Amino acid sequence: MAGGDLRSLVAVCAAVTAAMWCARFAARRLRPGLPRLAAFVPVLAVLPFLPLAFRALHPRAISGFFLAWLAEFKLLLLASGQGPLDPSLPLPAFVAIATFPVRQRPTKNAAGSGLGPVTSAVMAALLAAIVSLYRYKERMNPYALLVLYSLHVYLALELVLACAAAAVRAVMGMDLEPQFDRPYLSAHLRDFWGRRWNLSVPAVLRPCVSHPVRARVGEGAAGFAAGVLAAFFVSGVMHELMFYYITLRPPTGEATAFFTLHGALAVAEGWWAAREGWPRPPRPVATALTLALVMSTGFWLFFPPITRAGADKVVIAESEAVVAFVRDTGIWAAASVHSAFFDRPLARTVVVV
């Protein structure tokens, strides 16, 4: 991260803390409903602009997800009197729960949550290996490159979300919200999006979007379908915003089309599954079909807004810089330890990554 972005990080953290203090102050004095929501409007209006303070793509996109998606939706839930935010929380805990995928629970009850150190190390090594393969991207089949991009997105999201939440847990003793649950084992789209992929998103979309829509339409099949379609549509709109943070270009509608299509397919899956006696593919076949569907529609609608703008090249350049930094830091640390214990310099080993 450049020096300018470090200064931006300090400024954004200060602005977020001030904004959350205002929201917490208003929530303590106003009852849930329109008065509280009206008091939150200035905060809700400011948060989406804060990620634009970053020049680098990664901090802009990551802070965009935390502030313009998680924090916004959690504040909307608080405005209606729902959790996970509680105005009685201390300000640091309020800020952490609003902006990160964590929840208020003692660490001692959080056994098994988050990524373990071995899993994290393996994922980081796999991500570094993928980044190293990008040097051959000009000679790759375009679809093979998109497969690497898909793996890159999964591994990066796993590591970023887990590391951010783990840092908050280490400092404040909070439990991690579940992030991913082996999405490569999904048996159908509802399983992929609802139970396995980036679970902090459905955790806010269900109470903010699906449940209110179902309550208005009704609890039958029509209400369920309307709630699912509404949640996927809102997810698509929010992805348009995330893509803006990545590309700094106007929305194209492709992300909305991608998620609206998946919402319709998820509704159709549910309708089919409710029919007893209708054929169902074996689990391995269903998993293969689900992943093929997600990736093929992603190649068609999800990745083009990013690659068309050249943002994938920026992601690759920043990722290569991070890998080089980690590599050089490891070499320096090894040399320092060797020098401290053996009182002679360690020959520098050039590692090509």
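Glycine residues also receive a Cβ, built from the backbone N, Cα and C atoms like all the rest.
Because TrEMBL annotations are produced automatically, they should be read as predictions rather than curated entries.
Annotation source TrEMBL lists domain 'Wax synthase' at 177-260.
Taken from TrEMBL, the feature transmembrane segment applies to 6-27 (among others).
Annotation comment: TrEMBL describes 34-54 (among others) as transmembrane segment. Away from its own ends, the transmembrane segment (34-54) comes close to residues 5, 8-9, 11-12, 15-16, 19-20, 22-23, 26-27, 60-61, 63-64, 67-68, 71-72, 75-76, 78-80, 241, 245 of its chain (Cβ-Cβ under 8 Å, at least six residues beyond either end).
Annotation source TrEMBL lists transmembrane segment at 60-78 (among others).
Annotation comment: TrEMBL describes 114-134 (among others) as transmembrane segment.
Non-local neighbours of the transmembrane segment (146-168) in the same chain are 62, 66, 96, 100-102, 114-115, 120, 123-124, 126-127, 130-131, 133-134, 140, 174, 176-177, 179-180, 183, 198, 200, 295, 298-299, 303, 312, 315, 319; each lies 6+ residues outside the stretch with a CB under 8 Å from one of its CB atoms. The annotation transmembrane segment is assigned in TrEMBL to 146-168 (among others).
Taken from TrEMBL, the feature transmembrane segment covers 221-243 (among others). Long-range neighbours of the transmembrane segment (221-243) within the same chain, counting only residues 6 or more positions beyond its ends whose Cβ lies under 8 Å from a Cβ of the stretch, are 48, 61, 64-65, 68-69, 193, 201-202, 205-206, 208-211, 213-215, 249, 251-253, 255-260, 262-264, 266-267, 270-271, 274, 305-306.
Annotation source TrEMBL lists transmembrane segment at 255-273 (among others).
Among the features that TrEMBL reports, transmembrane segment is placed at 285-303 (among others).
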Six or more residues beyond either end and a Cβ under 8 Å away: which residues meet both conditions relative to the transmembrane segment (255-273)? 188-190, 193-194, 221, 224-225, 228-229, 231-233, 235-237, 239-240, 242-243, 280, 293-294, 297-298, 300-302, 305
